[in-house]
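Now, the feature entries from TrEMBL:
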DOMAIN    120-512  domain 'PUM-HD'
REPEAT    184-222  repeat 'Pumilio'
REPEAT    223-259  repeat 'Pumilio'
REPEAT    296-334  repeat 'Pumilio'
REPEAT    346-383  repeat 'Pumilio'
Amino acid sequence: MSETSGRSNSKLSDSSSVSEQQTADLSIFSGSFDGGVFSSNIPMFNFTGQGSQSALYSPHPFVKSNDPCRLTALTQSMPKEPMNLTPADFGLADFSVGNESFADFTANNSSFVGNFQSSVRSTRLLPSWAVDASGNIRDDLTLPDVVLNGSLIDFAMDRTGVKFLERHFPAENDDEMHRILFDKLTEQSAVFTNLCRSAAGNFIIQKFVEHASLEEQDRLVETMGENGLIELCLDKFACRVVQLSIQKFDESIAMKLVEKISNLDFLPLCTDQCAIHVLQKVVKILPVSAWSFFVKFLCRDDNLMTVCQDKYGCRLVQQTIDKLSDNPKSPCFNTRLQLLHGLMTSVARNCFRLSSNEFANYVVQYVIKSSGVMEMYRDTIIEKCLFRNILSMSQDKYASHVIEGAFLFAPPHLLSEMMDEIFDGYVKDQETNRDALDILLFHQYGNYVIQQMISICISALLGKEERKMLPTEMRLYAKWFDRIKNRVNRHASRLERFSSGKKIIESLQKLSVPMTMTNEPMPLWAVPTPLMDITAQFLNRENFQKRNSVFDE
């Protein structure tokens, strides 16, 4: 006897048989697929494996239903074994989605079939003789069986099949089966290219790259060059093959591959999400003589700006700078230094534009934060590019980060000049009577520069600097701190209205050491003596004197 509820016919009789449940009317979700995408008939899939598919076929496409959705409940007596079903088993030959056939739709949306029924395995490209009843590759199948039956490409293009090939891959390059596989997968250019660009096939090509003999490495380089090397670098799967080739091939052969890359349209490679990894691998693995062409390419202003303004290209430029400035004691350092000088000349020449860009500012920050041989270029950028522009750059969203880094990493003599520029370097606005410090205190980006100045002063006065501070230097930091603190106290009521102002006030409260106040006596140990003053003058002359820039030559 049927059980009634708030919905009409919402439940079937408990005595209904399974077959009756299968042939029951199944309404479509009310309001679903209105004005739909589906352009032909669609079957009602029978996932139970019982009955004929034709019995469940709906003669009409999806339409609105005035009745609520009704779904049959499967009983516990239904079989639960996984089924190896493919789209063809559901009668989808003439089914289309939009303007695409079902085959094209599933090819372009590889997750569709997998999500449609999770128990369907990825062996649909494999021949029937290679799989067992449950859809798995047969346990007794061997690699020669696959080759003799002409199914090597089918296995290489299938997700499960390629794992079988990898497990049975003959690593020894003098093995007969190794040579047979290599010839079959590389003899046709179209096959090789498709394998490289396949989500599954690229793994078997990587296997050959890893275990190739010198002769095979040469053939692979030639094959890559003949089959559109730039397309391989730009492809998300094929770029892995190129990267591994650069890493695993003999250095002389890898340099041949890089030489072919240098002859390509190079700019798209520097700004592509996939190709950028190929160039990073070149810079990381090979000697600078193999990629000096890339540095010369960046020395041209237009190329440098285009690459640095890209979110992927800016990382490549930073890695190039790091590699060129690394290990000054190596024999090839003079060559690297010449290339680095040319690149840094271009960076300094375009420093203002680079600093104001969303991604390129990271390149300038990287130069400022680097140490060793890069310190002279850091000082040059601060002197030539940042001085007299600190106020304007501090008010820019991205350039303000560069100014913060310059305050943090500048040597003492340049830091003093930067502080003086903020305090006394600009004429007050006649209308508002505000100076640079007032402007930055209330600016949405400039306030971060002030916070960095406060942090630098506090760190020095609390003895957190790595180097030992002289008493004269301590007095200078205390003077800067007091000037900022007095100005903040003057505008405290206004600053408290803003979160940035509250942070500035809180940061000033971190320091309560009496010696920081210039109008209070200093401890006896910090009082300068004539000998200390003479020593300080000598150190200032020897260590903190202004360096001659390489760009002045």
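Please read every residue number as a count from 1 along the shown chain.
The backbone N, Cα and C atoms fix where each Cβ goes, glycine too.
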DSSP on the repeat 'Pumilio' (346-383): how many residues come out helix, how many strand, how many coil? 30 helix, 0 strand, 8 coil
For the repeat 'Pumilio' (223-259), what does DSSP give as the number of helix, strand and coil residues? 30 helix, 0 strand, 7 coil
For the repeat 'Pumilio' (296-334), the DSSP helix/strand/coil residue counts are 25 helix, 0 strand, 14 coil
Could you put numbers on the helix, strand and coil content of the repeat 'Pumilio' (184-222), residue by residue per DSSP? 31 helix, 0 strand, 8 coil
Quick one: average pLDDT across the repeat 'Pumilio' (296-334), no decimals. 91
